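What Swiss-Prot records for Glu496 is active site, proton donor. Here Swiss-Prot flags Trp354, Asp355, Lys608, Gln609 as substrate binding site.
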Amino acid sequence: MAIAYNLGKGEYKNWIISETEFNENNLPKFETIFSLGNGYMGLRAATEEHYFNETRGCYVAGMFDRFKGEVAELPNIPDYVGMEIKLDGERFNLNQGKIISYHRYLNVKDGELVREVEWQSPAGNITKLVFKRFVSLANLHLAGFKIKIIPVNYSGKVAIKTGYNGQVTNSGVQHFVEGDKRVLPDGKSYLTVRTQESGIFTIVAGKFRFLINASEINPQQQIVTGRRQLFLRSEYELKENECLEMEKCVIVYTGRDLEFKDKDIDSGDIVETALTTLDKAGTKRYEELFSEHRQKWHKLWHEIDIEIGGPDFDQLAVRFAQYHLVQMTPSHDSRISVAAKGLSGEGYKGHVFWDTEIFILPFFIYTFPQIARKLLEYRYHTLDGARKKARENGYKGAMYPWESADTGEETTPEFGEVDIKTGKPIRIWCGEIEQHITADVAYAIWHYYQVTGDKEFMYNYGTEIFMETARFWASRLEYNQGLDRYEIKDVIGPDEYSEHVNNNAYTNYMVKWHLEKAIDIYNWLSDDSRDILEKIINKIALKEDELNEWKKKKDKIYLPFQEDSKVIPQFDGFMDQDVIDISSYRGDVGAIMKAYSWDEITSSQVIKQADVVMLLYLLGEDFSHEVKEKNYHYYEPKTLHDSSLSPSIHAIMGKEIGDLDEAYRYFNKSTTIDLGRNMRSCDAGLHSASLGGIWQAVVLGFGGVKVKDNVLNIDPMLPEKWDYLNFKLKWQGMPIRVEIRNDRVSVSFLNDDKAMLKDVSVMVKGRNLQLNNNKAVVNL
């Protein structure tokens, strides 16, 4: 097979994902899973040489542009990776000649992508080539590249053409207009462009270094230009077994970067900043720049690495998930958040969904709470967009968009795929009626506060969001006079195969929770810091009558539940719909649409992803074990898992009901969504939520971590194939290590500074322990 998981050796065992053979058809898969990033920019792993099936991509977080008649998307900035290599007159292309050996691998411990090739050209010339690259954690604006070329059985001329290509597009859409091109006397060069609609200035600058047999040379370079293109071409005479090295240091800046926020700058200032940064970095060799980057990664891994005593693939898969969660997240800037595909591809146009708050955020809450806070601050910075959406739809308060970009306004496209039977494009209703995201944001805020105790966040951001979103729900509820209850009609729940439904259980239960928690927060703040509360009340003009309205309405919200069967109907009428045998459609996303029309699917008990099961996970303390078990077994056979968000939730709930085989089966399913052997699984980018779900399945699922009555609970159950599970987390700001064995659980502080520690109450397997400078051990 083209992918291997076991080629990491020694200290790199279970840290390496390998591509072991070249196949142009597989390029999109590896471009995605081998993508590099640092939260500021993400780089798809397109090869240096060009192929027909490639999708080259470099994306800067928070940078959006809108083409006429379309929604805003993350534009593909000028490509700085591509190059043309000619070896004794023959173009280096792996579709020609013969591949003697090939190995490309991503090292997630170091954050480096390496490709080693031995290639025989059609003329019989054999060349060894090594390509290395990284996107720096030490300098968010920097990417580094190194290439080695060794002619094995010939002497001849080697030519390299590389530079910057601004003709790249987003699936054909060109977002940039021409700027400047410069080649400077000191070896620096750059290309500038500007987005067409949003007007964001962008510079890609670089400096190249060439060596033959480790001695630096200054080759004559030919300048090649085109529209939005600047390349430098150079030639070298190499003897047999001589080694040519090229190092490239690239710097990227844009006009929306945090460094320039609220500053009176022009494009010249941005160019100067980029060139100054390049001057400092350009004096360093690849190894030095990479070493600085690698040290940052190793420091991160010291804080977050999870150790699994089980199958090697499980260990690798969790590290793969954590690596990508870190590299795709804009931890430097609270004005932006994590896109559904991270920074690894054009899928979903770089938009932010509920994926961030419900699936990705928990990883950061428990490992890097300062980053989690910034992701939540994004929702505060875009609160005006949510207020605007509420007004435009006739509601009060703040109604978060289903898909969000930089402003917080709704960016969901109106139409999607074509219906196989009608031939008409399917209307996408999510932007109008998939409204549970507003409760999801509130849930994430409360989850963050429970784990961190960050009052300052609640004072300045969280409470205002909670009150404004509670306002929305109070205005959204519809009173059913005949049944004396409040309902929520015409919505989409998490299951997007059921549209225009009434009283989606997930939505209704979450709204009741939302209103209750808003009242609790109001009362808490009234006691804790009345002056802060008064400031918020005055800012948003919150009246006491509104609070009384919330209290009245929350107690009358209809919560679907069948007392006899203990099943929660997913929505009104769901239990009366036809049941389709979906077994033959599982495992092939969208396959059911080739056999049934959209209307047939939406009117049957066919579920795209966890819906009621999702509810049981998030509000688990509100439901008995019996209710969880009966609903899991009712809904699981009806769920296609056509969304990558679904398997990890079923893994967690499988463990919750005590079915470890089921839990482990779904954990395996979640780990193979991106990393598995399906070569078509992630062409458009990574499944960010799924990666967050993998971490949750391990730590919050098998590790049993949850917050109950404001106390950290640890109630683990390990899969049969695991002997141990070790992980670290932060609770109320204190680093804690958890070690789980089949016969015991130990919990200890990681900080040796006793002055920084405080007594912590931890519930382990139902036993209340005091953690105060000592390791607490519970025998099972």
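Yeah, the Cβs are placed from backbone N, Cα and C, and that goes for glycine too.
Annotated features taken from Swiss-Prot, shown on the structure.
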residue : record                    : contacts (Cβ under 8 Å, 6+ apart)
Trp354  : substrate binding site    : Trp402, His436, Ile437, Asp440, Val441
Asp355  : substrate binding site    : Val338, Ala340, Leu645, Ser688, Ala689, Gly692
Glu496  : active site, proton donor : Cys430, Glu434, Lys608, Gln609, Ser643
Maximum Cα-Cα separation (Å), residues Trp354, Asp355, Lys608, Gln609 listed as binding substrate: 16
Number of Cβ atoms other than its own within 10 Å, given for Gln609 (substrate binding site): 22
CB-centroid shell, 8 A cutoff, substrate site Trp354, Asp355, Lys608, Gln609, site residues removed: Phe353, Pro494, Glu496, Ser643, Leu645, Ser646, Ala689
Cβ neighbour count within 10 Å of Lys608 (substrate binding site): 22
